[in-house]
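Marked as repeat 'PPR' by TrEMBL: 248-282, 318-348, 349-383, 450-484, 485-519, 520-554.
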Amino acid sequence: MAPLPLPIAAITSPHPSKSHDAPAPAQRPSASSLHAALASLSQQHAHAHDGGALRDAFALVARAERRSSPAAAVSVGPEVYASLLQCCVASGSLRAGRQVHAALVKRGPYYCRNAYAGTKLAVFYARCGALADAERAFGAIPERGRNAFAWAAVIGLWSRAGMHARALDGFAAMLEAGVPADNFVVPTVLKACAGIALARAGRAVHGYAWKAGIAECVYVMSSLVDFYGKCGQVEDARAVFDAMPERTVVSWNSMIMAYIHNGRIDEAVELFYEMRVEGVLPTRVSVLSLLSASAELEAVDGGRQGHAVAVSSGLAIDVILGTSMINFYCKVGLVEAAEAVFEQMEERDIVTWNLMIAGYFQDGQIGKAFETCRRMLETNLKFDCVTLASIIVACVKYCSMMVGSAAHGYAVRNGLDSDRTVACGLIDLYACTGRIEHARQVFNAMSQRDPVVWKVMISTYADGGMSSEALKLLDQMQLEGMSPTAACWDSVISAFVRNGQFKDTLGIFDQMLLTKTRPNLRTWSLLISGLSLNGMHQEVRNLCCKMQEVESAPSPTIYSAVVLAAKTAASVHSGKTIHACIVKKGLLLSRSVIQSLLKMYSGFNDRVTTDSLVRLLAECSK
């Protein structure tokens, strides 16, 4: 905001003086007229945000001070500055409010410790999001002077800042101080309860609202619907919603979001329809929420309903709404519908372009995708990491090295080559065209490498049959202080198994067991199927014994997987060894394990064991 032209003039004495020192009433405005004038200016600013009303308010107070003698300073008392602060609240000017605060401090304790002015300060700083200032202003208010407005301001600010536990502590302190919570505080507290999923605390607040007689306030009830929905208690949210004597569009939005938040998209669409039948006009929030949820759940009807409502309600298809529609249509594979929305939009941001480009690529419309890339650059927008990732993924899919090299060059020139998604895409691109050395150059050029990037490069070596290089990179990863994930170990083990290097494979597995990384389902399956296929039955038995030691908590999923691995390898010896391990672990009552054994023994044509397992499965089903 532009600097205020008229700073508040200083007053010589901060103390109210004797009445005979005061100027005649005709020479100065009364306190009541000052309040009225400042209130009018505050309302003017609420409708016209040009700063003129705020400057006029400061000028008015400055003139009043110039006309007042030191003995009549009471005419511009703390209440007047509180009214001036209200103008600052309306304008949202943090600088102007701090100027008023400084004036109050200069005038001494009578002004700066005034409860009314202190409350206005706390509210002002809270509205401006100045957390530390609001807390200091609140702390300066005498405890007896802290009313519901001051408490509501700081509790609301804590909640908006994500400090939900502190907001709840503030609510408790407010009640302990004997200040009853009103219909402004309770919604804020409910939001804090939802923020940290404290369902019991929220129910207690609901009970308090009933006792305080504010439970049927539309704002409180809308907050209750939102709270119960976010805590997963949809039926309670609906019960509150149905009990509302009147509903605003916020109430409907809260209930729709409760359904969407809990994956009940059909009920959200149905309520959306009811909302329209009731004559309540959906807002942008309503439509955006429905579109977002429909995209995530790939609910075609829900998203189309949202689009139709937006059009019938006359909502402008701006950047946010249009982008949300494009995202939905691309997610459900309706790229032509996304294209129609895209072409209707008068303004587009980089997210809009990226979604449309990715939609074309996913639909196989490569020509349109590259044409859209060209159009994007013509609007003076640059590709970002998302754009490049989409282009590179398409190049990998169609092995287009010429476009891929151009994308790599663009990434280097624009400092995007260290982005994880772009780098992984480039490594995959060079790998699929056999240029492993180029892939390694991309990897080496990265300033920071996370486990995902390491895994991609290790897999590139492993898939290319370069098992030794994959193992070297795994060792380098550990030397650099990075702990390999199970997927990294699996890639190396897979490469050695494919190369028939079983002794080395088991040695690598032993190294893995010495780390904090536990073998996963794929690790055991890779080892057992590889050893079984090569007739290494003793090694399979040893591995099964080791599996019993490592897997202290029996997992039916892992044992089912290794049974199927033995079946795939057509190894009766390995299959029976695993069967013995299963019996020893007490997993023969698991339906999934029995079904896996049945498939295995059916493949071995072992009729006797198969019949026995069928009877066991029937008993487990009872």
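Just so it is clear, glycine is given a Cβ too, placed from its N, Cα and C backbone atoms.
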### Spatial neighbours of the repeat 'PPR' (485-519) far in sequence, C-beta under 8 Å, 6+ residues away
451, 454-455, 458-459, 461-463, 465-467, 470-471, 474, 477-478, 526-527, 530-531, 534, 536, 539, 546, 550
### Query
Which residue counts does DSSP give the repeat 'PPR' (318-348) for helix, strand and coil?
23 helix, 0 strand, 8 coil
### Query
Same chain, outside the repeat 'PPR' (248-282) by at least 6, Cβ under 8 Å from its Cβ: which residues?
218-219, 221-223, 225-226, 228-230, 232, 234, 237-238, 241, 289-290, 292-294, 297, 299, 301-302, 305-306, 309-310, 313
### Query
Across the repeat 'PPR' (349-383), what does the pLDDT come to on average, as a whole number?
94
### Task
Write out how many residues of the repeat 'PPR' (520-554) are helix, how many strand and how many coil, based on DSSP.
27 helix, 0 strand, 8 coil
